[in-house]
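Enquirer: Here it is: the structure, laid out below.
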Amino acid sequence: MGPGQPASTCVHLAPRTQLDGRSDPKVLQTQNQLQFNRNVPTHSSNLAIRYSCPHAIRIEKLKHSYNESYHCKDADCRVGPDLGSSVSFSVISQERLSYAVHLARRDVKRRQFEKHIKEHHLRSQPQSSQKCGHTKYKIPDHRVERKESKSQAACQCSHQPSKVEISSSGAKVYLYSSHPGQSDLTVPNSPPTHDPGLQPHPRIGDHKNISEQKSLLEVQRLQKELSSCIHKIEEVTKKDRLEEALDPDEERRIRIRRQEQAARSARMLYVLQQQVKEIQEELDKLSPHKIKHTKKSWAMSKLAAAHRGAIRALQMFVTQFTDRGEHPLPARCKELGSLIRQLSLCSVKLDADPSVPDVVIDILQQIEALESLLEKKLSPKKVKKCFSEIRSRFPIGSQKALERWPSTSPKGERRPLTAKDTFPQETSRPSVAKQLLADKYQPDTELPETQRLQSELDVLDADIVLEEGPFILDQSASFKDEVLAVAKTKAGKKKPVTENVPFRKKDTLAPARQQGLRKAERGRQSQPHSKSRVQQTTVSSRLKMNRQPVKDRKAPWIPPNPTSPPASPKCAAWLKVKTSPRDATKEPLQQEDPQEESHLTGAVEHEAARLAWLDAETSKRLKELEELKAKEIDSMQKQRLDWLDAETSRRTKELNELKAEEMYRLQQLSVSATHLADKVEEAVLDRLKPLLVKAQRVNSTTEANIHLKDGSSVNTAKAQPAQEVAAVDFESNNIRQLDDFLEDCASELWAVTHAKILGSETLATVEDSKDSPDLEIMMRRMEEMEKYQESVRQRYNKIAYADPRLWMQEENNDQKISAISEKPLSPHPIRITKTVDRKDPAVNIMLERPCNGNSLDESVGTEEGSEKREAPLLSLAEDSQQKEGRAPLFVPPGMQHSIGDYCSRFEQYLRIISHEAVGSFNPWLIAESFSEELVDEALGAVAAELQDMCEDYAEAVFTSEFLEAAT
């Protein structure tokens, strides 16, 4: 890979022996290893990788003569002393050598044929037509001279000695240097790596739009890739692959590589599917009658990109197939075939080139052949038979489309040529070159096209029969049928033109023969000479057979495809042209076989019917899928609506049940609270009556003693001082005893009252810890109900699917936080203290009950007081008789007044906490009516809000579940 010499890394086996004839054990270990040449200089250019266009065939001569080896030794070409015993040459099969000789002979005969055509054209052209038809023949003469100069230059270049180089192994290498004028024949598929400079613009009469050419080129590339894919699969299935025992690491690597290949192929198929879908949508949007140029070019560029993606997917598929062998392939090959079918149909809809339908038909046939071949790949004996049957079923377009393909791929030239994959594929390509040469230099008015083609093929193939017979005996029939079919269709569309009519580029319509062949010429003008191979041997003999005259001429049948665009105005004009007398005279001269015509027509009709059936079946399946989709969406919407109705009814029923339970609970609470208050009041009064009786008795006893003392004090005012001291002591003792008794009584009364109150509260808490017979408690309960309603509303609005356990935990936490009861507090106990000793013990006691403004009913209080005053007087003697041995207490008037005041206030407190009905004032009726109104209003508002919320929730769920999913 040096700058001035080619890469010459010699790889060979180098066994060595010792002098005694025995093998060296160290050498035996490495004799089967590859020995690389280390004489290559360590230059930076040798480490770089260079890519270039494929070179010509490189042939190295064998070193069998002593002179050559001696010459090489003198020229210092031999690198090492051990290279004399090694034999270094390029191994070329006999088939490739014979094929190269055949191509050289064909090129020589082609040049002879061009000279013959030119001489015949110059002799047959009269002087008058040279003056009148100068414009007509000006361009062909220029082309002839240009081609002649190119052919002469090619001959001179071919006769010049090739460049001789000597490799490091000592062998002579003849390198072929191509002529610079022929560089325009090859158009590689790779993008340009440099600026090509100014290119001559193609003429409008000779070339179509660039986008159409690119689309046609991509379709033909896909066709060629399909054919190569089929050949490779055939080769793989024909070989008997033996399963070798692999290491676990190797098996793991193979498995990982296959998984990566499967993932990559899946991504490629997905991208290709999306591209096909976008192209189909764009084609559906485009009108078949009026299509803007920008939209059409955009669609064609996308179609070409999709074709390139399909080619890459095919190459990956073939790689996986050859890697896996007999392992089962995934089902993506069928999907790839369907995508290629859709791409082909899109190409037919979009392209106006008449050669596209033929290529598409061949692609569809190849896809069917590929699928059937993959289905039977496990039985290699049946593969060849199946494929031959499929090719016999579809004889139209297979070879014809292959011969339209210009071989421009560098990979195809680098691939080694063998008889299996070269000859059957390349045998039908020379027909294009023959037609082009015949139509360029032959006047339109000499002979009918069929006879002209026969004569040209006779001249060209007369000398090739003996040379190429063993290669192509089985390919002549299909070639002959296709050549005649092309001649018939183009002779039928041909418009009569005289010699004197000048040729115009844009204004007039050229003959159908020239324009039809120019369309084919654009797809074939870049075909290299190394790929245009003539291998049909029996064509001339078969074309010389007598043909029956054609009685009627039929226009080619157009398949009734509703989705394909209508024919162009030029094609429509050609179809409507009436037959002229000149055409009538030419009809008896055109000869063809009725059986072959019927066979071709039947095959074309069969293929057109199959395409129409495929379109109808595709539209039918799409319609069925749309109907199924609509039905499924309707059923899903119906199910969702039914579920929403059922859920709404269930929620409403639950709310009604909760409302009824709450009302019943409130009623029970009101009844139980009333009974509880009555019981507490009765129990408190039962415990307080004995204490009140005792207090009244003590009061009455004290008053009697005071009266007696006053009377005795008047009579005995001048008694002894010792008696006064005894009386004072006795009075102080009585006061002390009374204070102790009152303290004990007050403490017992306070304990009993609090025990009753706490017992009532405990009982109410046991029944319902949250409910009490107070109005504020009911208001608090209503607030709790509103909070619960708000939580329900938030739950419906948020649509949060939380855990029910979390809800229960939150409710338990709320229940633990009990509301602070604002009950009226009980009065503090009376603290009775001793009064200050007064000097004058005489006190006027007023036995009257003081008026209390806070009392609810004074009349009731006075009546109760009179009853309490009268009762102790009656039972005072009985109590004194029953309780003998106890000292009576004498209470002063102030203390008695305080005791009475305390009793009245205590009764008022009991009346407040018991909610006793006093006159027309009944607090329980008011509280019950107020609570019922509040509950009714709250429940009505909650029900209305819940109804609105359920409707909003249903609408939101329907929108999110169905409308968004449908769009």
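Glycine residues also receive a Cβ, built from the backbone N, Cα and C atoms like all the rest.
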Enquirer: When Swiss-Prot marks a stretch as region 'Disordered', which of 122-152, 401-431 is it?
Expert: 401-431
Enquirer: Can you identify, from 481-507, 616-642, 697-723, 805-831, the stretch that Swiss-Prot calls coiled coil?
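Expert: Comparing 481-507, 616-642, 697-723, 805-831 with Swiss-Prot, coiled coil matches 616-642.
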Enquirer: Looking at phosphoserine as annotated by Swiss-Prot, pick the matching residue from Ser287, Ser568.
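Expert: My reading of Swiss-Prot gives Ser287.
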Enquirer: Taking helix as H, G and I and strand as E and B in DSSP, count the residues of the region 'Necessary and sufficient for CEP20-binding' (885-967) in helix, strand and coil.
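Expert: Per-class counts: 66 helix, 2 strand, 15 coil.
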Enquirer: Can you count the other CB atoms that lie within 10 A of the CB of Ser700 (phosphoserine)?
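Expert: Neighbour count, Cβ to Cβ under the 10 Å cut-off: 20.
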